[in-house]
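Trainee: Below you will find the structure I want to go over with you.
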Amino acid sequence: MKMKRTVSSNSEAYSYNESPHSPLRFHSPLSDAGDLPESRYVSPEGSPFKIENPKSIVAGNKLTQFSPLPSPIPPPPPQIPPPRRQRNARVPMNSSLDKSPSSMVVQNSWVREDGQQNTTRKAGAPMNGEESATTAVNRARRDDLVSVTALGFRITEVILCVISFSIMAADKTQGWSGDSYDRYKEYRYCLAVNVIAFVYSAFEACDAACYMAKESYMMNCGFHDLFVFSMDQLLAYLLMSASSCAATRVDDWVSNWGKDEFTQMATASIAVSFLAFGAFAVSALISSYRLFTHASS
């Protein structure tokens, strides 16, 4: 029995080795499959380069082609997520995904610096609410200063006009050489203009005081600023005209008859009238400022 089992095992081993399905006969000339078809990637000419160790190449090919185990696949490279695009980043249109890491680092640092500059610049800028509140406070202070200045010049006009027409009204002399202001139209003209200017300036002084106390005018109408501006301009021109006419008459009197008490009082009244003209000129500037400021707002 032992002889038969040994013979059968040898015959099985021999038949397996002689089988065309055996891997040992794959490249054998006795293989039924014959030669392998020649690969289309094999160059018909010899390689121009000298191979120093051809066995390593053959062994590698055999290991890759005839290994019963699956070939180990190298793990894929770790994927680095792209950097998050910042809000103010400026990416050029022709930028590609295969940029080098160094260039991307430079790009990100440039964007980061730009973002810091924008943040610093915006942090120092005031908000809209703060800016409007500051503007309102400055405007209120400026209006208060203008109101106080206007009231001061109105009081000055009242004082100067009353002094001017009082001196002119008292300019009378007695005796054989006596004279009076009412005999000359230039003096009457100067007196009348100073009286009108006194009445108007007194009314405007009360109006300015009422505005400072109640923040409303005595004559509260839509054309108040236009009326005040027009009256200031008109009375300033009238005072200049009346004072100039009276000064011409005094000069003519002095050149013909010399100086006396009558001409000296007339000269004093005319000088104060010129000062009143200066006060009205400043009031005209203030009223024009108010007119155009309120019109623009």
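The backbone N, Cα and C atoms fix where each Cβ goes, and this holds for glycine too.
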Trainee: So that I know how the record lays things out, could you check whether N138 and V250 fall in the same topological domain in Swiss-Prot, i.e. on the same side of the membrane?
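Mentor: According to Swiss-Prot, V250 sits on the opposite side from N138.
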Trainee: The transmembrane segment (190-210): which same-chain residues, six or more beyond its ends, come within Cβ distance under 8 Å?
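Mentor: Sequence-remote neighbours of the transmembrane segment (190-210) are 147, 150-151, 154-155, 157-158, 161-162, 164-165, 168-169, 181, 216-219, 228, 231, 235, 238-239, 241-243, 245-246, 269-270, 273, 276, 280, 283.
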Trainee: Short question: which residues 6 or more past the ends of the transmembrane segment (226-246) have a Cβ under 8 Å from it?
Mentor: 186-187, 189-190, 192-194, 196-197, 200, 204, 219, 266, 269-270, 273-274, 276-277, 280-281, 283-284, 287-288, 290-291
Trainee: Can you tell me the mean pLDDT for the topological domain 'Extracellular' (171-189)?
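Mentor: In the predicted model, the topological domain 'Extracellular' (171-189) has a mean pLDDT of 84.
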Trainee: Residues of the same chain, at least six outside the topological domain 'Extracellular' (171-189), with any C-beta under 8 angstroms of its C-beta?
Mentor: 242, 245-246, 248-249, 260-262, 265-266, 269
